[in-house]
């Protein structure tokens, strides 16, 4: 920029056409057309900005030793040049203040919509940061015009790496959810960048950026192609979502295009637009289809499952500290539900009061400190007291609550692990308990009682138990490569069926991974794809043909491709009063003599425009009407296995095997997932062994 603003300028930079090819004007203001190599809006940016605000340009060219400050006055339409006392480095700084100050109406509109204008500016700077990752961009906002704090909204390093610029502009989370693409099949053009796979769409189109040779541009036909292929790969569940992408198009110098159509130069005319659309559709469809062939089970998913198990485990335990008299011994009470008579804690006289020496350890445990009583509440009615002195029955016959006093820390830990299990009729001998039962979690629980011996306040809840800690440790010990995995369509036939849950879900496993499969959604998706494959449009003749207005090119194309439209149930004809005049108004309409008949939807003659739009853009009909999608999905839903149906082993095996034959088995046509990851069998098996 410093090279453009030099002392050799014949006219000030704030004058019209002073910073482009038309800057070399003669004294009369004329321009030599032969000296201009291109057409367009040249040299108008600074001039326009100077007319709308107070403009100050502080510049220092590469060959100069001092800076120059240019101040433009709108009232006198003059530019004052003075020596800059603050400029010490080469470059140019353009400062604009009091925007629209001389235009009250536009100034008021700016004040009213300032928040929206700021958001639009942020999005624009982010887009330019992706189009030119080699340029350092910083956007700062002052909260108060006087002395408010300055907040940095966008900051890029200018490293030249698109991935890094994407992370700096939109955040690392966006980078992690996108796939890198490089497509070289477009004629005289290479496409590279990042695009979100199926399932990663957004509700808005704010993250759709095209950069053509480093310039942010709007390419509506290419954008519509990506949107249509996105819906085609995931038609019904993603109809209300938009794909997110940041794509850079680099031509080889032979692809002709014109950007001089609008002052912002975002509108572009492409000579090879049709070829680019076809090639982009093939590449995008291949990429989207590939992303639906497998489902990724990430480390975050597995960690979330582990955390849910841990939280559920912690909720089952509540260690309550209750003050007792100073002369009593510390007691730990484990409460459990009153079950049936067979689950009673009265083991036919096998429980007896056992005495031991005061303070002596029993088995693997150690004596508990006095003056404290620890209550373990499991939303139950039965109590088991663990003290440091004895093992006694505390009068279950009198109170109706069966209580038993057990001594030993290992036995305390044993009961902590059995909190969700049904109590056995006998306690195991303390000598038979393994040393592993004296775990860190129980030790910490007992230590918390010792440390709070002086506290006489309300009861204190302490999160305890070993299972949450073990889950966290086992998950953290694994690497992301071990936790991340892909579930492919071919894996369904390898799954082992364990049974049906709640008459609505199939429990299956693949190796050590446990899944729950929705029987209705799975059967619905199979029926849906079968109906779509077998669908043949049945035309319903109309009593009177309906005239449908179209654009001239669409009407001509519909008449030329009438056979393809007939295959989809529409019979289009030339209007009967058509006079054949190429410029006549009849060229803007066709008559529709039949429409397809569907079981759950009604198709109107105007729906033929949906198919002609595909013919105009893709030169073929790439997908049926949206009404066909909805009708097939409704029919598949109502004819599928419902929730509540009892399935035998053969039926469950058939449903799971069918998922492996589908084009996209991960959700039903209405978006309901067909399966969910439950967790690792190793974790469940370990928990079960501890309970047993």
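The chain as shown is numbered from 1 upward.
The backbone N, Cα and C atoms fix where each Cβ goes, glycine too.
Just so you know, TrEMBL annotations are computer predictions that nobody has curated.
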**OP:** Have a look at 441-478, 479-516, 517-554 and point to the one annotated region 'Disordered' in TrEMBL.
**Re:** 441-478
**OP:** Write down the single range among 1-32, 33-64 that appears in TrEMBL as region 'Disordered'.
**Re:** 1-32
Original post:
Tell me, what is the mean pLDDT of the domain 'DNA mismatch repair protein S5' (166-289)?
Top reply: 85
Subject >> For the domain 'DNA mismatch repair protein S5' (166-289), residues assigned helix / strand / coil by DSSP >> reply: 41 helix, 35 strand, 48 coil
